[in-house]
Amino acid sequence: MLRQIKPRNARSKRALEKRAPKIVENPKTALFLRGTSCSQITQDAMADLYSLRQTHAKRFTKKNPIHPFEDSSSLAFFSEKNDCSLLLFGSSNKKRPHTITFVRTFDHKILDMLEFCLDPETFRTISQFKTEKIPVGMRPLMVFAGTAFESPVPNEYTTAKSMLIDFFRGEPSDKIDVEGLRYCVVVTCDEPTGSASSSADPSAKPVLRLRCYAIRTRRSGHKLPRVELEEHGPRMDFRLGRVQQPDEALLKEAMRRAKNPNEERTKKNISTDSMGDKIGRIHVGKIDLSGLQTRKMKGLKRGRDQQAEDGEDEEEAAVRDKQTKRKRKVDV
């Protein structure tokens with residue numbers, strides 16, 4: 001448990017208020033770190049990822065003796081010290097060469113981690129593509145193709161999808177300018193097999209392909225322009241390595257949404273129809289109609305004339321019975 005810092009002046013007070021929890025949180029800041037041994041390919045890959053998220057990212061070039069899956073206390077310290085909720089740690093060794101570990105934190109505690117093993121043969125940097133570069137701070141369109149991303153059970157591929165969305169999300173906004181849609185990030189995954197998904201060897205797992213395309217609009221002779229995609233870079237192929245799933249209690253706390261006092265609370269059983277009229281639904285329990293007091297109307301009573309007619313009908317029926325009996329006796 002870290003000590004509570006009391007601000008001594010207005011500047012430190014503003015800094016603490018900026019880090020304090022909010023109803024609408026600030027965009028997530030990503031921190032790029034490297035280990036004691038980090039290959040040049042891994043450094044180039046992290047530099048390209050840093051350039052795609054330059055406005056909300058920090059990059060350290062000093063070597064850090066950190067092993068994320070063995071002791072993650074140093075990553076939690078870096079997260080709190082720099083107010084970063086996303087960390088990318090690059091390392092390389094003989095057993096796991098060219099790896100980038102994505103780390104997410106909540107309340108400066110490690111939430112989950114996932115290891116991406118980069119393929120050095122297919123890797124291409126942004127500088128190797130001779131195309132017009134995307135301005136800094138643009139939010140991309142994202143496409144995920146593959147049945148592994150649609151699994152109803154949380155696994156390493158759904159975790160990878162969630163982490164990549166968090167990494168490329170940027171600032172939240174309720175309106176989008178079409179001119180601001182300048183590039184697209186496409187992530188595809190091969191179809192996983194039963195033996196490959198259960199294997200601990202990263203080389204046996206399906207390949208995760210990350211591609212970035214610049215969106216170009218051309219004249220088409222019609223009202224709508226013709227859209228073309230040009231590969232912008234970087235080009236990365238990953239295989240997923242070790243994974244640390246989030247703790248259930250910490251994940252539940254992280255997914256909780258604060259109540260906004262400015263939002264109008266929805267009232268139950270009240271709706272508005274297409275004409276703008278407010279309609280309310282009332283729920284009433286079971287009513288006992290046996291004790292219901294009804295109004296006594298004269299029109300519902302039997303009158304004297306009707307009673308007299310009923311009496312005449314009864315007399316006529318009795319006379320007819322007597323006549324039929326007499327006829328039977330005569331016949332006999």
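Backbone N, Cα and C atoms are what each Cβ position is placed from, and that goes for glycine too.
Within the set 1-20, 161-180, 201-220, the record from TrEMBL flags 1-20 under the feature region 'Disordered'. Counting residues of the region 'Disordered' (1-20) by DSSP class, helix then strand then coil, yields 10 helix, 0 strand, 10 coil.
Per-residue pLDDT, averaged across the domain 'Brix' (28-249), gives 89. Beyond the ends of the region 'Disordered' (1-20), by six or more residues, the same chain brings 26, 80, 83 to within a C-beta distance below 8 angstroms of the stretch.
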